[in-house]
Each structure stands twice: as C-alpha cells, then as structure tokens.
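If you check Swiss-Prot, you get these features:
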BINDING   30-37, 147-150, Val176, 184-187  ATP binding site
ACT_SITE  His37  active site, proton donor
BINDING   Gln61  beta-alanine binding site
BINDING   Gln61, Gln153  (R)-pantoate binding site
Amino acid sequence: MQILTDPRTLQQTCLRWRADGQHTVLVPTMGYYHSGHESLMSYARSVGDKVVVSLFVNPTQFGPGEDLAAYPRDLERDAALAEANGADILFTPQPADMFPAGHATWIEVPSLAGTLCGVSRPTHFRGVCTVVMKLFQLAMPRTAVFGQKDWQQLAIIRRMARDLNVPVDVVGRPIVREQDGLAMSSRNIYLSTEERAQAPNIHHGLALGRALVQGGERDAAAVAEAMRRYWRESLPLAQEDYISIVHPETLEPLARITDAALCAVAFRLGKARLIDNMLLAGE
C-alpha cells in the first residue's frame, strides 16, 4: 500500500490506472477506523481492481464550536487497518493541499441539505460536497462507497453526482453496529460509561418505530411520538436534535407511511452528537 499526501500524485496515479482499464473504487473517510470503515474497505476490495482510501479530517465541514480539534486521530493505526483491508493507496492530504489559499468554489444541494442535520449544521454539507467532488476529480473512481449511517450525506452525494453528470456509482453500505445495537462511530469514544450504557436505546427506539409500521400503523406523527416517548424514558442524559420520518430519497417529511419511509434521528449525549436511522418501510 502506498501512502500519498500530494493531490497531483494521486491524480497522476489514478489516471494511469484508468488508462489501463482498471476499476478504481474510492472510500472517503475521516479516519479513526472501526469495523464500519473496515466493512466499506472490504466491499471496495471485493468489487474493484484498485482501492483508494482517503483519510482527511475536512475542516470545511465543521462549524464554529464543533469538534474539529478534538476529532480522534491515529494515522499509524489507520494505515495498518487500511492496508489489512486491501487498500492500494491511503491518501492523507493536509488541509492546505485540498483547500489552498484563494479557494473560492463550493458545491451545494440546498433542497436536501437544509433539513435534518443541516438545520443545526448549516455549512456542513457544503464542505462535504466540495471535498467529495474534489476526491472524485483526483481519484477518478468508477465506484465510491459510503456508509448508510450518514444517510442524508449519502442522499446528497447521490443527487450531486446525478445532477452534475459525474460518472461515479455512489454505493451505500449497511450500518455496522455494536453487539448491543449502537451504530459504530468514531465519536463514540466521547461517551462516558453512563452515556455509553444509554446510547444503544437510540437503535432500540428506531426498531420500535419499525415494529409499529410493520404492525399496520401508517400515521407518521403517531409513530414518531411513540419513539419520542420511548427515548424520553430511555435516554435521560440525551438532548434531542431531531426525530424525522422522511422519504429516503427526497428527505421530504412524510405524513403517511406508504411504500418508502426512513426515520432519521440525532441526539446529543454528553460531548457526542450521535446520528442513526432505519428504514421503516421499503428497501
């Protein structure tokens, strides 16, 4: 495995691969790997000829007062895990490499970015879209792999690629969970022992909502209220950011649950902001 830091070197390498007809798969990450990241890399290895894993804590997707400085980092460990999971290149640029002085171009998908996480993080997805598009231009992948835990991010990147005619297949892979149901996240390290004990109830509440829908409940407000009641009792240390039942592609709020519905939630639990989601209907 090569470790590259220079964007131009990455681009030249990937240009050679493309000229040779190689299928490059990109796995964009911010590092501090867990089994969820490893599952993305393993999938990439299974479908591609070449695998590029990017590791970049992107400052443009953090807002004021967020955890940019505190975000966990362990490059040596991450490099070992990337290599063990089949990466051909680990791309680890510095912020000045990706956003040099004078950078003035930003990409946004306002119709999808202004809801859910975008309400409390209004500039987040602008930073995500811009860095992902830059990575697409550098790695020139045929496929890019993202986790479904960040469902809104996945929907936005898919729309960006479709609207801008980007020839990349954007693949979403299932959430990887701890044995007790907590969605794996690099930010779980922020949780205290007591907070960690409560955190799996986020998943359990989502499962409650799905069970209600499977049992015949179709009123989205009723399902959301049942989940909210459960979380009030089971997450006394948490502060609700949002609980929303939306269409999984358009992210538009639903009043009635019919063929496709996603419940997406975010809670602040101590120093951690935890997101999770579950399809209540549809595949």
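Every residue gets a Cβ built from N, Cα and C, even glycine.
Recorded features from Swiss-Prot, shown on the structure.
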{"residue": "Met30", "record": "ATP binding site", "DSSP class": "coil"}
{"residue": "Gly36", "record": "ATP binding site", "DSSP class": "helix"}
{"residue": "Gln61", "record": "beta-alanine binding site", "DSSP class": "helix"}
{"residue": "Gln148", "record": "ATP binding site", "DSSP class": "helix"}
{"residue": "Gln153", "record": "(R)-pantoate binding site", "DSSP class": "helix"}
{"residue": "Val176", "record": "ATP binding site", "DSSP class": "coil"}
{"residue": "Ser186", "record": "ATP binding site", "DSSP class": "helix"}
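When the Cα atoms are compared, Ser186 (ATP binding site) and His37 (active site, proton donor) turn out to be 10 Å apart. In this view, the densest Cβ surroundings among the binding-site residues Gln148, Gln153, Ser186 belong to Gln153, judged by other Cβ atoms lying within 10 Å.
Rounded to a whole number, the C-alpha distance linking Gln153 ((R)-pantoate binding site) with the residue listed as 'beta-alanine binding site' is 11 angstrom. For His37 (active site, proton donor), the spatially nearest entry among the binding-site residues Gln61, Gln148, Val176 is Val176, judged by CA separation.
Fewest other C-beta atoms within 10 Å: among the recorded positions Tyr33, His37, Gln61, Val176, that description fits Val176.
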